[in-house]
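Student: Sharing a structure, written as structure tokens. Questions coming.
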Amino acid sequence: MSIKSDRWIKRMAEQHAMIEPFEPGQIKHDAAGQRIVSFGTSSYGYDVRCSREFKVFTNINSTIVDPKHFDPGSFVDIESDVCIIPPNSFALARTVEYFRIPRDTLVVCLGKSTYARCGIIVNVTPLEPEWEGHVTLEFSNTTPLPARIYANEGVAQMLFFQSDEVCETSYKDRGGKYQGQTGVTLPRT
């Protein structure tokens with residue numbers, strides 16, 4: 001299994017719609033020329049953006065967090081260019097980009113150092129072979145202060161690993177519960 005380069009990522013995005021919308025370069029400034037957290041194709045990965053759609057966790061109902069019986073009322077929905085995450089809390093978002101993962105490829109997501117150095121951790125499970133959809137992102141604010149996330153700017157890097165053998169059973173074959181997700185998706189069992 002080897003990590004794939006910018007050339008492979010560009011080819012797969014342009015010829016097979018692996019990433020939509022796709023940015024072949026690295027964007028570091030907005031339309032007004034202001035610096036932003038970069039996004040787009042890097043040497044061996046793709047830096048994704050989060051959309052303006054957020055779900056911020058609040059425990060106003062004093063519920064127990066249970067992945068089998070998750071209470072959607074534990075979140076406040078926000079649509080904004082900026083999301084403020086309360087201290088020691090978390091928020092969910094989704095990528096701007098829609099992914100279609102090839103059958104012989106596994107994608108691993110890592111947070112961007114710009115956020116990590118501020119105590120904001122991004123968590124995403126691997127994108128499995130033949131999974132497709134918008135990626136649901138989880139941002140943990142590990143600090144005792146409110147933390148800010150910017151929509152339409154880079155938040156995480158996707159690394160693409162291509163196997164030397166095609167898997168016997170893909171995520172699509174298994175009927176994965178998050179196949180084709182398009183919004184911020186809460187836990188499913």
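Glycine is treated like the rest: Cβ placed from N, Cα and C.
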Student: For the dCTP site that Swiss-Prot assigns to LYS112, SER113, THR114, TYR115, ALA116, ARG117, THR136, LEU137, GLU138, TYR171, GLN181, which of the candidates GLN157, GLN162 is also assigned?
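Tutor: DCTP site check in Swiss-Prot: besides LYS112, SER113, THR114, TYR115, ALA116, ARG117, THR136, LEU137, GLU138, TYR171, GLN181, the record includes GLN157 out of GLN157, GLN162.
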Student: Using Cβ atoms only, which residues of the same chain lie under 8 Å from GLU138 (active site, proton donor/acceptor) while being at least 6 residues apart in sequence?
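Tutor: Within the chain, GLU138 (active site, proton donor/acceptor) has Cβ neighbours under 8 Å at PHE90, ALA91, LEU92, VAL122, ASN123, VAL124.
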Student: A 10 Å Cβ contact count, applied to the binding-site residues THR114, THR136: which residue has the minimum?
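Tutor: Looking at the binding-site residues THR114, THR136, the Cβ with the fewest others within 10 Å is that of THR114.
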Student: Sequence gap of 6 or more, Cβ distance under 8 Å: name the residues on the same chain that satisfy this around LYS112 (dCTP binding site), in order along the sequence.
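Tutor: VAL37, ASP47, VAL122, GLY154, VAL155, ALA156, GLN157 - these are the non-local Cβ neighbours of LYS112 (dCTP binding site), listed in sequence order.
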